[in-house]
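Okay, structure first, notes after.
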Amino acid sequence: MTKGGDPDILTDFVIPPNLSATNITGSFFTYTALRTLKGTPTFSVTKVSMAEFPALNGQSVSYAVLQYPAGTANPPHVHPRSAELLLLLDGTLEVGFVDSTANNKLYTQTLEAGDIFVFPKGLVHFQYNSDAKETALALSAFGSANAGTSSLPKALFATDIDDEVLAISFKTDVATIQKLKAGLA
């Protein structure tokens with residue numbers, strides 16, 4: 001049986017190699033970067049994972065704060081190492097995910113402030129603020145200190161995958177693929 005997820009640790013917490021146990025204080029367990037959240041003109045994600053907050057190493061949790069100005073989207077993406085639990089704090093969002101069955105069923109929902117939606121681990125999902133005037137704010141929790149994110153538009157059109165391969169895969173022509181790539185440059 002294969003089991004995925006963060007490894008279990010044998011201590012209460014993991015001390016980074018550059019610190020000693022005697023140098024650890026309460027500040028090691030405190031993350032303050034969210035104090036400076038500001039409204040943004042484009043969709044933005046502020047991650048609070050093991051990379052940004054080393055105290056999460058071995059704890060199997062992380063967060064992200066997502067800000068959606070009017071008419072913006074978090075494009076289709078996957079988290080290969082964790083499910084995502086999204087709490088909408090303000091505004092409304094259209095959300096959805098695609099299951100991995102042969103028929104690729106799409107599950108969608110309109111969320112209002114206070115609603116929680118779960119995106120199953122490893123499945124393609126998105127969020128969209130369809131409101132033309134109001135912003136939306138959400139908090140996502142992950143069951144991994146390093147959930148990982150693979151944005152499908154970037155993974156497909158902002159890498160070195162051959163244009164011909166993409167054109168064949170999407171049943172289009174190379175010129176269309178190049179236009180898509182140019183839009184992500």
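Cβ from N, Cα, C; glycine included.
If you check TrEMBL, you get these features:
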DOMAIN    31-178  domain 'Cupin type-1'
BINDING   ASN74, HIS79, GLU84  oxalate binding site
BINDING   HIS77, HIS79, GLU84, HIS125  Mn(2+) binding site
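Feature map: annotations from TrEMBL on the structure.
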{"residue": "ASN74", "record": "oxalate binding site", "Cβ within 10 Å": "24"}
{"residue": "HIS77", "record": "Mn(2+) binding site", "Cβ within 10 Å": "19"}
{"residue": "HIS79", "record": "oxalate binding site", "Cβ within 10 Å": "23"}
{"residue": "GLU84", "record": "oxalate binding site", "Cβ within 10 Å": "24"}
{"residue": "HIS125", "record": "Mn(2+) binding site", "Cβ within 10 Å": "22"}
Pairwise Cα distance for HIS125 (Mn(2+) binding site)/ASN74 (oxalate binding site) [Å, integer]: 9
Summary of DSSP states over the domain 'Cupin type-1' (31-178), given as helix, strand and coil counts: 25 helix, 56 strand, 67 coil
Neighbours of HIS77, HIS79, GLU84, HIS125 excl. site residues, C-beta within 8 Å of centre, Mn(2+): VAL78, PHE97, PHE119, LEU123, VAL124, ALA147, THR149
